[in-house]
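To keep things clear, I will list the structure first and then write my remarks on it.
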Amino acid sequence: MTDRTLHIVGGGLAGSEAAWQAAQAGLNVVIHEMRPKVGTFAHQTGKLAEMVCSNSFRSDDSEQNAVGLLHWEMRAAGGLIMEMADAYRLPAGGALAVDREGFSQGVTDRLRQHPNISVETSEITSLPEDGHWIIATGPLTSDALGAAIRAETGSQALAFFDAIAPIVHADSVDLSKAWFQSRYDKGDTEAERTAYLNCPMDRDQYEAFIDALLAAEKTEFHEGETAGYFDGCLPIEVMAERGRETLRHGPMKPVGLTNPHAPDVKPYAVVQLRRDNKLGTLYNIVGFQTKMKYGAQKSVFTMIPGLENARFARLGGIHRNTFLNSPTLLDDQLRLRAKPHIRFAGQITGVEGYVESAAMGLLAGRLAAAQIMGKPLPAVPDTTATGALVTHITGGAEAKTFQPMNVNFGLFPPVTGLKGGRRGRRDRYKAYTDRAKADWAAWLDAEASGL
Ligand SMILES: Cc1cc2nc3c(=O)[nH]c(=O)nc-3n(C[C@H](O)[C@H](O)[C@H](O)COP(=O)(O)OP(=O)(O)OC[C@H]3O[C@@H](n4cnc5c(N)ncnc54)[C@H](O)[C@@H]3O)c2cc1C
């Protein structure tokens, strides 16, 4: 091992971006990815940067949305994940959705072709004693490595449960009942304005559907596995348990949509399916992550008008999500305090989402490269989306109640002197994102001149 070799464990969203950044900075990088030799319950290929559930990178609005701002920052830093997301973009009415196959193949090809990068198919099962390492093994970190991390960090590695939504073959949807339309016809092109498939329900159909959801057989947990759900990804049946109307005000809300098969009848509820691949052959049911047993899923979801004969490319499921208590375990450079030659990146650090995970990979790759080259970087300003996230997970968050976090403007230091409340929101968000862009550009400039 040379001094300039960086080892990255896990070639997911975070590990791939970390590898790219470090290799572009001139380091030799070895990615240790266990797939396809050792699998996880959610990944289906041996490719790098596989998206395991939704195909959305969420809002691409860098002026009014914090995750859109994170896209902007990653693009400005020459991020590979954003470059490939842009290259394989699908119409999605304001969101950045990607063709998952093309995207992960694109990332895989670029990394494998990079002269400074090699990829080893191996599972790492213990914490390395020396060298330079980034661990980016994600929410489904293998059992052996998870145990080693727990042994090192005490009982502070937490777990909670998360759920994924089913995917349907488009040609099995009955288009005499369903129709293509984005909510409020959002989007600049016809493809954007018709990016979703909609299935309408009248009141009786909705009530029968809720009854079936409540009665359906659910996956049981072992005793002790009682950690809570992340609120942004609640299983549909858990939402239904919270109130019969919850879904009608959540993923099944009937607003901004007109049924061309019955334009004068307002649906009582609408199930939306979002295009999942470039070919338009697969659609995922938006917000329908579930822990129902497979048989129950088929009988409940085929009650949806238009999906009576649906064929499922993948059913929903439930999974454990492993993450560190980063506020106590990591320093502001994402290094394990007790073993600073090891950094962590991605979802395992307690961020939530593809984009946030990739952003922490980008940062870890850059920080590692700078340190190994003897020019450690200044802290990223907490006024940027990347900086606000890393500041939150490595110290800003309350350690005792630490839960995975999506990027949001609540993590940013307030901009003073602007109107509060709803009316001032557009100006306030614009002020946040203007400030972030200027500070991120300055940080990248300082870094470029330092290295
Ligand atoms: C089932 C599921 C559904 C999700 N759905 C969404 C969603 O819809 N939208 C969203 O934004 N986020 C979602 N997430 C959350 C999260 O954003 C993704 O998991 C994201 O891929 C995290 O990026 P990562 O790089 O940290 O981990 P991953 O992308 O999972 O990458 C980790 C990699 O490490 C490898 N690995 C694990 N252990 C070892 C080991 N010991 N040695 C070598 N390699 C190892 C794995 O094979 C994997 O390739 C979901 C997560 C899960 C588990």
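Cβ atoms are placed via backbone N, Cα and C, with glycine included.
Quick look at what TrEMBL lists:
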type    : residues                     : note
BINDING : G10, G11, G12, L13, A14, G15 : FAD binding site
DOMAIN  : 6-375                        : domain 'MnmG N-terminal'
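Around the Cβ of G12 (FAD binding site), the same chain contributes L48, A49, E50, A136, T137, G138, G346, S357, each under 8 angstroms and 6 or more positions distant in sequence.
Other than the site residues G10, G11, G12, L13, A14, G15, same-chain residues with C-beta atoms no more than 8 angstroms from the centre of those residues' C-beta atoms, the FAD site, are I8, S16, E17, A18, E33, L48, A49, A136, T137, G138, A345, G346, S357, G361. The local packing around G10 (FAD binding site), expressed as other Cβ atoms within 10 Å of its Cβ over all shown chains, amounts to 31. For the binding-site residues L13, A14, the ranking by surrounding Cβ atoms (within 10 Å, all protein chains) places A14 first. When other Cβ atoms within 10 Å of the Cβ of G11 (FAD binding site) are tallied across all protein chains shown, the result is 29.
Look at G15 (FAD binding site): DSSP puts it in a helix. Of all Cβ atoms in the shown protein chains, 31 besides its own fall within 10 Å of the Cβ of G15 (FAD binding site).
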